[in-house]
Amino acid sequence: MRNTRHRRWTASIVAAAALGLTLTACTGDIAEEDAGDVDCSDYETYGTFDGAEVTVAGTILDLEADNLNKSWADFESCTGISVEYQGSSEFEAQIAVLAEGGNAPDVGIVPQPGLLGRLAAGGWLIPASEPVEANVDEFWSEDWKQYGTYEDTFYAAPLMASIKGYVWYSPAEFEEKGYEIPKTLDELTELSETIAAEGDHKPWCVGLESGEATGWPGTDWVEDYMLRLNGPDAYDQWVTHEIPFNDPQVAAAFDAVGGYLKNEDMVNGGIGDVSTQVTEAFQTAGLPIVDGECSLHHQASFYETFWNPDGGDEVTVASDGDVFGFLLPPASADDPLSVTGGGEFPVAFRDAEEVEAFRAYLSSDTWANNRVSLGGVISANKGVDPQNASSELLTQSIEILQDPETTFRFDGSDLMPGAVGTDSFWKGIVAWVGGEDTAQVLDTIEASWPSS
Amino acid sequence: MTTADLLGKILQVVMGLAVFAAIVGLLIFFIDKAPKKGRDYWQLVGFLAPALILVTVGLIYPAIRTSILAFQTSSGAWTFDNFIWAFTQPAAIRTLINTVIWVLLVPTFATAVGLAYAVFIDRSRGERFYKAVLFMPIAISFVGASVIWKFVYEYRSGDREQIGLLNAIVVAFGGEPVQWLQTDPINTILLIVVMIWVQTGFAMVVLSAAIKGIATEQLEAAQLDGTNGWQRFTNVIVPGIRGSLVVVLTTISIATLKVFDIVRTMTAGNFNTSIVANEMYTQAFRASEIGRGSALALILFVMVLPIVIYNVNVLRKQREIR
């Protein structure tokens with residue numbers, strides 16, 4: 001009896017020890033990396049801190065999160081500030097709840113100016129310090145600074161950027177069949193009709209499915225057409241509700257998009273009929289281009305990484321490669337270049353020197369070049385050398401963003417109140433593609449616009 | 001994460017558990033040592049307090065706050081707008097109608113099918129096996145069940161090979177494939193099927209146990225009186241299991257009113273399939289219209305309340321009879 005009990009004890013201790021060892025093996029001790037040969041001269045302006053910690057949260061995950069951590073590793077070892085990043089796909093839904101409960105991280109990387117405004121209105125945000133504002137005045141356009149501002153108080157500098165409104169195509173197919181890259185929206189229509197008339201396949205492939213966010217790729221279409229057909233002023237009035245959502249100008253943009261998305265001759269190349277747009281995941285919707293079953297796909301610059309779903313570089317993204325993108329053209333050839341896009345804003349919830357030092361670093365050209373060099377993303381920071389970008393398309397995107405002639409407008413649905421921008425606009429697109437007429441859909445969205 | 005971090009976290013967990021055990025131990029120790037006079041009272045307080053505190057913090061306080069938020073705008077002014085929105089917007093009205101359809105169809109069909117199944121397999125050979133088969137869907141989460149059924153309803157354009165079971169059958173019989181989840185109103189019914197599929201097992205198990213509780217003498221007496229099977233079923237079995245039937249019906253009704261995972265996973269509330277619980281989440285956390293979300297929560301509460309009251313009443317009456 002005594003002996004058995006003794007053995008049981010031994011067994012559990014051995015099991016616990018084994019478990020402990022196994023868990024230890026999983027952790028990998030990343031923090032042990034040596035910081036020996038870092039040139040700290042770029043980081044002297046931020047000062048040094050002993051044992052300070054800054055917690056950061058955002059929507060950025062996986063590989064992108066690793067790159068983010070790498071981009072400030074030198075900053076950490078030079079200043080002594082330890083930065084803890086935690087990514088979550090539920091960040092946008094939870095950040096306001098966390099802030100209200102006093103549990104917000106020190107810095108939140110907010111991907112929507114609308115959400116930034118809501119957090120600022122709640123009184124939870126710390127305005128940006130002078131070094132941050134100085135960096136923004138130096139490196140960003142006035143448009144971008146405005147998106148980090150709420151009621152005349154400047155809260156956060158922009159971080160990274162993406163350009164929406166690329167039309168992806170196969171350069172090889174264009175060359176073989178003699179298609180030209182369209183210079184106006186009318187030429188785009190003609191090109192689409194030519195491809196459709198050849199009868200080989202439908203010209204456009206579209207995927208709107210994205211879980212509960214289903215419909216958002218359609219809002220990008222409408223925003224692009226709204227900006228190009230009606231100009232930046234009408235666009236601003238539209239997102240701030242100075243003109244109603246069912247305004248004739250908005251209806252015109254919807255109908256122009258409807259010429260493709262609601263047209264059985266135009267969609268859905270390589271996938272099926274019009275109704276399949278809603279069930280096709282946006283991640284895979286462009287891939288029929290590679291198989292020659294579709295010619296055109298409208299999606300943001302980030303789609304570059306989606307062409308090789310299994311990794312690797314089998315499909316080359318280049319102007320002489322398998323696929324490449326051209327910007328959705330302006331309404332008439334002599335219109336200035338206007339693009340829609342997105343970006344993030346690191347807002348602060350804690351008033352501390354180390355937090356502001358970190359935010360000042362994020363708004364600097366040093367950080368932007370560091371991050372862009374790691375690949376896959378771009379920034380609208382004017383201090384970025386476009387050649388640092390990891391691909392031809394991204395280099396081209398940075399040049400577009402840095403060009404003072406470019407009219408840049410933020411993704412409209414990110415600027416509208418959540419009830420519209422992340423709910424009724426998405427649902428409206430789904431119902432509209434599903435057969436509801438434009439007027440009915442616009443009235444429904446207009447009615448959902450919150451009164452206060 | 002480094003080893004030190006991990007050890008720190010494990011230590012935190014262990015410490016937390018130790019503190020909890022110490023507090024509970026101390027509490028019990030002192031209650032035991034309470035003065036003889038009024039010891040019952042002290043024991044009552046000591047054992048009820050933890051549960052009461054948790055219920056207050058976790059249930060009563062949030063319920064009150066939700067009720068207040070339902071009558072406020074996002075800036076904190078008092079208003080009825082949230083309820084006006086819920087009862088005038090076509091999309092919101094559709095949500096309420098869908099919820100009513102759900103709560104009418106799911107409990108009725110789940111209970112009816114479960115009861116029929118329980119009666120048919122009662123005392124048959126292989127009863128356990130049949131029970132296990134029908135009970136299995138209960139072990140699958142709603143999200144898992146939704147993903148499975150989404151494949152069943154999957155659609156491919158006419159000339160392509162169908163990978164969805166339902167469309168494959170339709171095409172095999174020479175029909176045209178249908179976008180099941182996009183076609184209103186059949187899509188709501190198809191979502192309800194998933195819920196019935198999950199809940200029938202629960203109804204069957206409870207009702208089967210109740211049927212076994214009916215005295216064999218009653219059934220034999222009825223048989224001697226020359227009743228047929230249907231008469232025995234309606235006059236002996238159903239009255240005999242009435243209490244269990246009510247419990248099953250009300251439990252499934254409440255579960256149906258709360259269901260959210262199926263709609264969110266399969267259609268995300270698109271194509272006119274949204275129901276109150278899904279819309280409540282969407283409004284409060286995605287559209288950040290806390291007021292509208294709270295108003296829907298309150299409406300849901302009012303819808304559940306009569307069912308709960310009825311349930312409690314029936315149970316109380318039964319106890320009195322006994």
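We number each residue from 1, going along the chain as drawn.
Backbone N, Cα and C atoms are what each Cβ position is placed from, and that goes for glycine too.
Residues 46 of the same chain, all 6+ positions outside the transmembrane segment (B:6-29), place their C-beta atoms under 8 angstroms from a C-beta of that stretch. According to TrEMBL, the transmembrane segment annotation covers B:6-29 (among others).
Annotation comment: TrEMBL describes B:41-64 (among others) as transmembrane segment.
Residues or ranges marked as domain 'ABC transmembrane type-1' in TrEMBL: B:96-311.
Among the features that TrEMBL reports, transmembrane segment is placed at B:100-120 (among others). Residues 130, 134, 188-189, 192, 195-196, 199-204, 206-208, 211, 233, 237, 245, 248-250, 252-253, 256-257, 259, 275, 303 of the same chain, all 6+ positions outside the transmembrane segment (B:100-120), place their C-beta atoms under 8 angstroms from a C-beta of that stretch.
Per TrEMBL, the feature transmembrane segment maps to B:132-152 (among others).
Positions annotated as transmembrane segment by TrEMBL: B:189-215 (among others). Beyond the ends of the transmembrane segment (B:189-215), by six or more residues, the same chain brings 101-102, 105-106, 109-111, 113-115, 117-119, 121-122, 131, 134-138, 140, 142, 145-146, 149, 153, 180-181, 236-237, 240-241, 243-245, 247-248, 251-252, 255-256, 259, 262-263, 266-267, 273 to within a C-beta distance below 8 angstroms of the stretch.
Residues annotated as transmembrane segment in TrEMBL: B:236-257 (among others).
Remote same-chain partners of the transmembrane segment (B:295-315), defined as residues 6 or more beyond its termini with a Cβ less than 8 Å from a stretch Cβ, comprise 63, 66-67, 70, 82-83, 85-86, 95-96, 99, 103, 243, 246-247, 250-251, 253-254, 257-258, 276-277, 279-280, 283-284. The transmembrane segment feature in TrEMBL is assigned to B:295-315 (among others).
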